[in-house]
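Chemist: Okay, here's the structure, questions in a sec.
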Amino acid sequence: MVVSYLMLVICVLVGVAFVTLLERKILGYIQIRKGPNKLGILGLLQPFSDAMKLFLKEQNLPAMSNFLPYYLSPVLGLFVALVLWSIIPYELGLVNFDMGVLFFLSCLSLGVYPLMSAGWASNCKYSLLGSLRAVAQTISYEVSLALILLSYIFLVSSFSLTELSYYQESMWFIWLTFPLSMVWLSSCLAEMNRTPFDFAEGESELVSGFNTEYSSGGFVLIFMAEYVSILFMSGVSTLLFLGGNVLSLGFYMKLVMVSFVFIWVRGTLPRLRYDKLMYMAWKSFLPLSLNFLIFFMGMKLILI
C-alpha cells in the first residue's frame, strides 16, 4: 500500500508540472500569443526548467518572522493536498474509504491552517490580510460544498465516492441537477483561491497576499499545493457529476476537461469585489444548496 501511495504521489506531482504548462498554453491562446514553446518539443520541458530555477533561487528569511511556522506552513499545505488523493477509489491496493466523503471534508477544513499560519508567521501586514481573507472565504464556501455533498449522499445513501460513480452509469448527475453542479464548480474555485476568487493572493491589492515573504522552495511548495488541489477537485467533480471508473481513460479525459474549465475561467473573468464574494456565498449559494438538500431528503422519504 505504501509503494502504491508513493507511485500515486509521483504521478500527481508530474501531473502538476504539466497542468502548469497547460495553464500557460491556454492563457497564451486566450491572450492571442503562443505561450511557452521554446524549451523542448512544444515547450514540454518548461515546467522542469521552472522548477529548477525556483528551487535554486536564494531562500530568504524575514528577520522578524516566526521561524518554525514560517517554514512548516508550505510543507503542511502540500502534505494535506497530497493526503486528499488517498480517497479516490483506485482499486490498486490503496485504502478504499467507505466514509470517503467525510474524510474529504475533514482534510478540506485542514487546508485553512497552512494559509493562516503562513500569513501570520511572515509578520507582514499584506501576508496577514491575505491569510485572514483566505480563512473567511474558505470557511464560507466549505458550508456550500458540504451541503451539496450531503444532497448526493441522501440520493445514493452512501458516503463512498465509488457508490456515487456507480449511480451514474445510466445518467450523469450534472444533467440531473445542473444548477447545483454550477454552484459546486464556483464553490470549488473559491475553495482553491482561484480566479475570480483569488483574494488570498490579490496582487493588485496586497502585493502578493499570504505568500509575499516566501521565495525559492517555500514559494514552490505553496503553489504545488494549489495545483495539486486543482487536479484533486477536478477528479472529485468528475466522480460526483460525470461518473466513470478511475481505471478508465474516459475518467482522465473528463478530469482534464474539468481542469481546462478552471483555467478557462482564470483567463476570462476579472476578480470580484470581496464583499460581493461573501454576499454570493451566504445569500445565493447557501439558500440554493439548502433547498436542494431539503428536496433530496423529501425524495428519499417518499421513496422509503
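Keep in mind that glycine also has a Cβ here, set from the backbone N, Cα and C atoms.
Residues or ranges marked as transmembrane segment by TrEMBL: 6-27, 68-88, 100-121, 141-161, 173-194, 214-232, 239-265, 285-303.
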Chemist: Any chance the transmembrane segment (214-232) and the transmembrane segment (285-303) are in contact, meaning at least three CB pairs closer than 8 A with a sequence separation of 6+?
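Modeler: Counting Cβ pairs under 8 Å (6 or more apart in sequence), the transmembrane segment (214-232) does not reach the transmembrane segment (285-303), since there are fewer than 3.
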Chemist: At a C-beta cut-off of under 8 Å, are there same-chain residues at least 6 beyond the transmembrane segment (285-303) that contact it? List them, or none.
Modeler: 141, 143-144, 147-148, 150-152, 154-155, 157, 177, 179-180, 183, 186-187
Chemist: What same-chain residues lie close to the transmembrane segment (173-194): Cβ under 8 Å, and 6 or more beyond its ends?
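Modeler: For the transmembrane segment (173-194), the list is 108, 134, 137-138, 140-142, 144-145, 148, 151-152, 164, 167, 200-201, 226, 229-230, 233, 237, 240-243, 261-262, 265-266, 277, 280-281, 285, 288-289, 292.
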Chemist: Mind checking which residues of the chain, 6+ beyond the ends of the transmembrane segment (100-121), have their Cβ under 8 Å from one of its Cβ atoms?
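Modeler: Same-chain residues near the transmembrane segment (100-121) but 6 or more away: 65-70, 72-74, 76-77, 80-81, 83-84, 87, 89, 127-132, 134-135, 138-139, 142, 145-146, 149, 153, 159-162, 191, 200, 210-211, 214, 222, 225, 229, 236.
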Chemist: Could you give the residue numbers and ranges of same-chain residues that sit at least 6 residues beyond the transmembrane segment (239-265) on either side and whose C-beta is under 8 angstroms from one of its C-beta atoms?
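Modeler: Cβ under 8 Å, 6 or more out: 19, 22-23, 26-27, 30, 88-92, 149, 152, 161, 164-169, 172-174, 181, 184-185, 188-189, 192, 194-196, 230-231, 233.
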Chemist: Are there residues at least six beyond either end of the transmembrane segment (68-88) with Cβ under 8 Å to its Cβ atoms? List them, or say none.
Modeler: 5, 8-9, 12, 61-62, 94-95, 97, 100, 103-104, 107-108, 110-111, 113-115, 117-118, 120-122, 161, 213-214, 217-219, 221-222, 224-225, 228-229, 232, 235-236, 239, 246
